[in-house]
């Protein structure tokens, strides 16, 4: 889940350093939803004239109509988004390697890491946008808010708690205990509401973005109902407004001291919700056939260009705003490529497989770096590669032995096998992949 991470041991992202990650949705978490709703939504998450039913049709649309036929033909899964999740998680890993002195080294090696991973924390904005898109894409017709919240909690909370307790135990054993206040705030994922790095970076640093994701989940039913009341041809105005506000947030932080401004721009769930809202709007635009953005190749080139030039941008714009637009285009292009059956290297089997464990990887990678750096010899590259492998194995074990079984138990139904970020559009499933966030960090 994201998604999520700010510098190692709470280091602040710098103009050339990027930011952090999340999964999902959450993260990282992935699901699917339906068209926009012009006439308002009911009291349930998916209750809307523009929502799909579980047979792939549309509520309020006569079966066999052109609209219903078009809906039923929409692919159920968007594996390119799962592949992107791993790339985002790996970028966050590299960002944390860069800010671990014993691993990054000096000289030419560090210079290369600066170029490759200086903006690696952009995994967080990516996962926040992704989380909004996939949750909206996969929202269930007739689903109640309580059921949605239960599934989201089952997806995100167990792994977070297990890793949190594990990291805390290591801190206690190594005589580096945290204060009770930050420990408890982080355990219940409220740490990002406190403008103090001793809170939002406590114990397992990347978990601050899960705190944002939980806030997004809380607001999602109301946001979705409101967005479905927007006519399809007006959705672009909502997306443009959200994007404009993302750029205005750093300006609003100008009167604040740097530390408070950093929290306001980068950590606070209220301001980060704009990326989530942007992703939600993109999903409705795609569903309504109103998305006409650049293709996957052009979007990838734009995102790469923004990534490499981020160190040149004013830091408060560079933290979020600079990458949010290109990342939104990339997410929409990847989803559209899958929907239209176009070629996408992001659907490679190995990349999708890694994407499936990206939320667990996001949770464990920073503790692996943090504690592993104390025992490995100081050298560039090789120790970091070893820790990448160790974190990947740990993530796979967490995913297979804890995340999926506990999700199945707590969600109340058997979760779906996740070959992609999305899940079936033709069946009522009890759980969804993320995002992150996730989005799902992670999501």
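A Cβ is built for glycine as well, from the same backbone N, Cα and C atoms used for every other residue.
Small disclaimer: the values here were computed from a predicted structure and weren't measured.
What TrEMBL lists as compositional bias 'Gly residues' is 47-59.
The annotation compositional bias 'Basic and acidic residues' is assigned in TrEMBL to 426-435.
Among the features that TrEMBL reports, domain 'Acyltransferase 3' is placed at 80-399.
According to TrEMBL, the feature region 'Disordered' maps to 1-73 (among others).
Annotation source TrEMBL lists region 'Disordered' at 417-443 (among others).
Positions annotated as transmembrane segment by TrEMBL: 83-99 (among others).
Residues or ranges marked as transmembrane segment in TrEMBL: 111-135 (among others).
According to TrEMBL, the feature transmembrane segment maps to 156-177 (among others).
The transmembrane segment annotation in TrEMBL covers 197-223 (among others).
Cβ atoms under 8 Å from those of the transmembrane segment (235-254) belong to residues 36, 227, 260-261, 264-265, 271, 274-275, 277-278, 281-282, 284-285, 288, 290, 314, 316-317, 319-321, 324-325, 328 of the same chain, restricted to positions at least 6 beyond its ends. TrEMBL lists 235-254 (among others) with the feature transmembrane segment.
Residues 6, 12-13, 19-20, 33, 35-36, 125, 128-137, 192-193, 195, 197, 200, 208, 211-212, 215-216, 219, 223-224, 227-228, 230, 232, 235, 238-239, 242-243, 245-246, 249-250, 252-254, 291, 316, 319-320, 324, 328, 331-332, 335, 439 of the same chain lie 6 or more positions beyond the ends of the transmembrane segment (260-284) yet place their CB under 8 Å from a CB of it. Feature annotation from TrEMBL assigns transmembrane segment to 260-284 (among others).
Annotation comment: TrEMBL describes 296-313 (among others) as transmembrane segment. Long-range neighbours of the transmembrane segment (296-313) within the same chain, counting only residues 6 or more positions beyond its ends whose Cβ lies under 8 Å from a Cβ of the stretch, are 15-18, 80, 114-115, 118-119, 122, 322-323, 325-327, 329-330, 332-334, 336-337, 342, 344, 346.
Look at TrEMBL and you will find 319-337 (among others) tagged as transmembrane segment.
TrEMBL lists 349-369 (among others) with the feature transmembrane segment.
Residues or ranges marked as transmembrane segment in TrEMBL: 381-398 (among others).
For the domain 'Acyltransferase 3' (80-399), the model's pLDDT averages out at 94.
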